[in-house]
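Please read the structure below before turning to the comments.
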Amino acid sequence: MNTSYVWWAVAIYIIISLFIAFLSRSGKQNDMVSYFLGDRKLGGIVSALSYSATTYSAFMLVGLAGLTYSGGVGALGFELIYLMGVSLIAFFGPRFWVVGKKYGYVTPSEMLGDRYQDKRVAVIVALTSCLFLIPYSAVQLTGVGYLLSGLTNNEITFSTGVLIATIMAILFSYIAGIRSVAWTDSLQAIFMIITSTVVVLVLINGLGGFSSFFQTLETEHPASLAVPGNGFFNIFTFIGMTLPWMFFSLSNPQVSQRLFMPSSLKNLKIMILGFMIFGLIYTLVAIFWGFSATIMFPNLDNVDMATPLILSSDLVPPILGVIVMVGIMAAAISTIDSILLTLASVFAKDVYGNLRKRPTDRMQLQIGKFVIPVIAIIAYLFAEMELSIIVLLSVASSAGLIIAVPAIFGTFFWKRGTAAGVLASVGVTGVIVIFLEAFQWKPLGLASGVWGIILSTIIFIGVSFVTKAPEEKAEEFLTTVKVALQKERKNN
Amino acid sequence: MKENEGVYAIIITCLILIAFVVPYTLLPNVEKWYGSFLFWTVLTVIVIGVNYLLIRDWGKKQ
């Protein structure tokens, strides 16, 4: 692919999105709620698009397409079961939203700390988020690096790609906090879904239309249409990959924090439904993308190269290829900037805010803004280490974050849950998951994420039973939720 | 909010369980587009539909 086209496309993308980011500056933005939550006044469509852009990253058209290439249709099951798991926010969403408004929470970890009446809960959950999400961001950065270097035959180096993505993510989150993130996310979401859908239609058309496309798969690669198929997605691998992702909408603070932001329940509803429809389309696009690679390049050694090869193939007109490449870059950057912003708020609110005696809102905001580039640089260094197995690392971060899920369930549905239960489950399981990942151990054939959810649940329940629950707070908290939801029911 | 939220939770949980079980038990030999590919896609549309039924009344009269 012509390198000067690529540079032009990247430049145009940067100019337009920076313009949008500057336009989004409104309101005072001089307190935490304004900067990190947009004053809890986000509209439904922007929430839905931004949620989509944050969730779907370079992983989709690079990693998931690669996974389809390696293992066939199991990749579709994996991603769609995740999407079904997003149903969790139809139950948790209004609850997060109600308590966010009532108690003024900025971060999910702050909510846990208050509900379980122990600052250490907020601190440990916050630190766990940082520990696992920084590698996740690094994975996104490597996605951009591979893409740019792959498409230009290394004329734009991996490091340059990573650097561009890092700087853009810092700028998008810095210019107006969540407002610039949400608006640039929305633009990028529209851009990435339209461009990738067009390319997939062009590919399918070039490969003979839908019926011929599937016929080729059925005759030449039949195993790609069933599970376990070629054996890649044996049932243990499938469960091990899918289970942690099913809880993604609760376990990942960059998305669960979004539940605090819509201006009304109606907008929360638009966010959920809008995201699910977006997700279904984008998933199908990524799977068709992977299947196209299976048909076009059946014998690749490095599956990460499937996407760059498709984009530089004869079937895709060069200009379209370049535009989609920018779409994939946008997908990566729109995920990273949201993570940066969430981690900055989590660090400022839950780590700094709980370690200082009298933290003012202003100081926390300053710390948050300072932390944004620091986290970005750490992710950048991580990415420069070129850890190649994109999918596996992404899943590892999910496995690591899943350990807070029992505590989140307990927050709304179990009065007996205790701070000691959370501390023990997150602390102990966190260490175990890291060990399992580091040594690639799979006891009984089960992956770290499965152990993460099983062990953290058992420890949370077990320790909670033998320690004292914050009864008064639990009662008051759950009554608040109940009353608010009943009021809503009567309104309808 | 729906009063019978629990029923919806059970329905969605069952649909997700089916998503794990059916492709590995009934469809491993159906190497066609109408095998697991169609199954997972249709099941997702159903889950989105159930979500719609669950949350469609949110914020109607505020």
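Backbone N, Cα and C define each Cβ position, glycine as well.
Automatic prediction, not curation, is the source of TrEMBL annotations.
Features as listed in TrEMBL:
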type	residues	note
TRANSMEM	A:6-24	transmembrane segment
TRANSMEM	A:45-68	transmembrane segment
TRANSMEM	A:80-100	transmembrane segment
TRANSMEM	A:121-138	transmembrane segment
TRANSMEM	A:158-177	transmembrane segment
TRANSMEM	A:189-211	transmembrane segment
TRANSMEM	A:231-250	transmembrane segment
TRANSMEM	A:270-298	transmembrane segment
TRANSMEM	A:367-383	transmembrane segment
TRANSMEM	A:389-413	transmembrane segment
TRANSMEM	A:420-439	transmembrane segment
TRANSMEM	A:445-466	transmembrane segment
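Taking every recorded stretch in A:231-250, A:270-298, A:420-439, A:445-466 and counting its Cβ pairs under 8 Å to the transmembrane segment (A:121-138), the highest total belongs to A:420-439. Between the transmembrane segment (A:189-211) and the transmembrane segment (A:420-439), fewer than three CB pairs separated by 6 or more residues in sequence fall under 8 Å, so the two stretches do not touch.
Long-range contacts of the transmembrane segment (A:420-439) within the same chain, counting only residues at least 6 positions beyond its ends with a Cβ under 8 Å from a Cβ of the stretch, are 112, 116, 118, 120-121, 124-125, 128, 131, 396, 399-400, 403-404, 406-407, 410, 447-449, 451-452, 455-457, 459-464, 467. Using a Cβ-Cβ cut-off under 8 Å and counting only residues 6 or more beyond its ends in the same chain, the transmembrane segment (A:270-298) has close neighbours at 44-45, 47-49, 51-52, 55-56, 60-61, 64-69, 72-73, 75-76, 79-80, 83, 86, 89-90, 93, 189, 192-193, 196-197, 199-200, 203-204, 207, 213, 216-217, 220-221, 224, 258, 262, 306-307, 309-310, 313, 315.
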